[in-house]
Amino acid sequence: MNLHEYQAKQLFAEYGLPVPEGFACDTAQEAFEAAGRISTDKKVVKCQVHAGGRGKAGGVEIHDTKDGVKEFAQKWLGKNLVTFQTDAKGQPVTKILVEEASNIANELYLGAVVDRATRRIVFMASTEGGVDIEKIAEETPELIHQAAIDPLVGPQPYQGRELAFKLGLVGDQIKQFVKIFLGLGNMFAQYDLALLEINPLVVTAEGNLLCLDGKINIDSNAMYRQPKLREMHDPSQEDEREAHAAQWELNYVALDGSIGCMVNGAGLAMGTMDIVNLHGGQPANFLDVGGGATKERVTEAFKIILSDTNVKAVLVNIFGGIVRCDLIADGIIGAVEEVGVKVPVVVRLEGNNAPLGSKKLAESGLNIIAATSLTEAAEKVVAAAEGK
């Protein structure tokens with residue numbers, strides 16, 4: 001789960017980290033009033049969406065007047081912002097962040113991720129702030145400095161000082177950086193974060209550090225024990241189909257192809273997508289119905305797949321272990337009858353009660369194409385999607 005910039009800065013402030021004074025606004029009038037409460041002559045206004053590249057897309061501007069701030073809010077609230085990280089539809093703008101402008105002398109980068117190889121939280125810092133860190137890692141990796149956090153003792157001041165020295169910070173800036181480093185390290189562990197970025201972490205003209213932007217991603221598997229962060233969830237930023245799938249405990253990711261896939265098990269789902277691609281098709285989605293598939297969940301899975309107008313055929317690939325193939329067959333039949341499936345459906349069942357499931361499908365009288373192997377299923381669904 002991702003947080004908006006204003007939400008990330010709220011968490012930063014709770015840990016005593018320096019952030020610009022700002023207000024998240026739902027209406028243009030609120031933005032106008034917020035601009036009046038900010039002491040600096042210039043105000044920065046930012047569209048709040050879960051995507052980067054807002055500035056280049058016109059979603060970040062600097063204004064000298066309250067009226068300019070209000071006009072910006074009127075322009076964007078209720079609209080979609082399209083950036084290089086969104087699809088063609090873009091992300092809806094429901095909040096505008098109005099905050100004080102800062103005099104920037106230097107831009108740094110500070111971020112943290114979970115390194116699965118070392119099983120540690122690893123901090124990354126660089127003098128190249130304000131740009132894409134992946135680009136820096138690829139072109140000039142020597143400019144990225146790291147510090148691994150021992151989970152038994154947590155972040156240590158000496159690690160913060162080492163990073164500060166490598167970033168060229170001096171005097172009181174080192175003390176400020178250590179405070180930021182320790183706060184972020186404790187926040188990362190307490191809130192079960194998966195990724196944290198301050199890009200840029202700026203040195204102001206007065207020589208102080210300031211968290212000018214914030215990006216936070218939370219481990220979705222830990223949301224059950226993070227009620228505070230759950231309340232920050234913004235469903236408007238998610239794909240509607242993915243949000244619908246999550247309500248039914250279905251793992252769904254929308255893609256750009258024309259062949260809908262419904263599979264049980266993430267590994268088998270990825271293998272199914274690969275073999276569809278190998279035979280010249282393009283998957284329209286990743287969908288794992290899981291081991292506890294029921295007739296109702298299978299029906300909902302069909303509805304979600306078919307809500308994508310690009311889908312020309314559907315491949316159902318089930319290996320019955322925990323889930324029984326005859327129950328999947330009941331779900332397929334019920335879904336086809338309820339939804340009124342107009343596209344070809346190719347089904348491959350294997351494992352627990354597969355013969356009974358195949359028999360039910362054959363006796364249903366529905367236009368369902370049976371396949372006995374994964375290769376055969378891929379060939380048939382690709383041909384069906386092409387109208388052959």
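Using N, Cα and C of the backbone, Cβ positions are placed for all residues, glycine too.
According to Swiss-Prot, the feature domain 'ATP-grasp' maps to 9-244, an assignment based on sequence analysis. If you look up Swiss-Prot, you'll see Lys46, Gly53, Arg54, Gly55, Glu99, Ser102, Glu107 marked as ATP binding site. What Swiss-Prot records for Asn199, Asp213 is Mg(2+) binding site. Positions annotated as substrate binding site by Swiss-Prot: Asn264, Gly321, Ile322, Val323.
Summarising model confidence by region, the domain 'ATP-grasp' (9-244) averages a pLDDT of 94.
Asn199 (Mg(2+) binding site) has Lys46 as its nearest neighbour among the binding-site residues Lys46, Asn264, Ile322, Val323, going by CA to CA distance. Counting other C-beta atoms within 10 Å of each candidate's C-beta, the binding-site residues Ser102, Asn199 are led by Asn199. Taking every protein chain shown into account, Ile322, Val323 are the binding-site residues, and of these the Cβ with the most other Cβ atoms within 10 Å belongs to Val323. If you measure from the Cα atom of Gly55 (ATP binding site) to that of Val323 (substrate binding site), you get 48 Å. Put simply, Gly53 (ATP binding site) is 43 Å from Val323 (substrate binding site) when counted between their Cα atoms.
Listed binding-site residues: Lys46, Gly321. The one with the lowest count of other Cβ atoms within 10 Å of its Cβ is Gly321. Distance from the CA of Asn264 (substrate binding site) to the CA of Arg54 (ATP binding site) is 37 Å. Taking the Cα of Asn264 (substrate binding site) as the reference point, the closest of the binding-site residues Lys46, Gly53, Ser102, Glu107, Asp213 is Gly53. Counting neighbouring Cβ atoms within 10 Å of each of the binding-site residues (Glu107, Asp213), the lowest count belongs to Glu107. Separating the Cα atoms of Gly321 (substrate binding site) and Glu107 (ATP binding site) is a whole-number distance of 54 Å.
When Cβ atoms from all protein chains are considered, those within 10 Å of Arg54 (ATP binding site) total 20, not counting its own. Around Gly53 (ATP binding site), the same-chain residues at least 6 positions away in sequence with a Cβ under 8 Å from its Cβ are Thr83, Phe84, Gln85. Across the fold, the C-alpha of Lys46 (ATP binding site) and the C-alpha of Ile322 (substrate binding site) stand 48 Å from each other. Around Glu99 (ATP binding site), the same-chain residues at least 6 positions away in sequence with a Cβ under 8 Å from its Cβ are Pro20, Glu21, Gly22, Phe23, Ile38, Lys43, Val44, Lys46.
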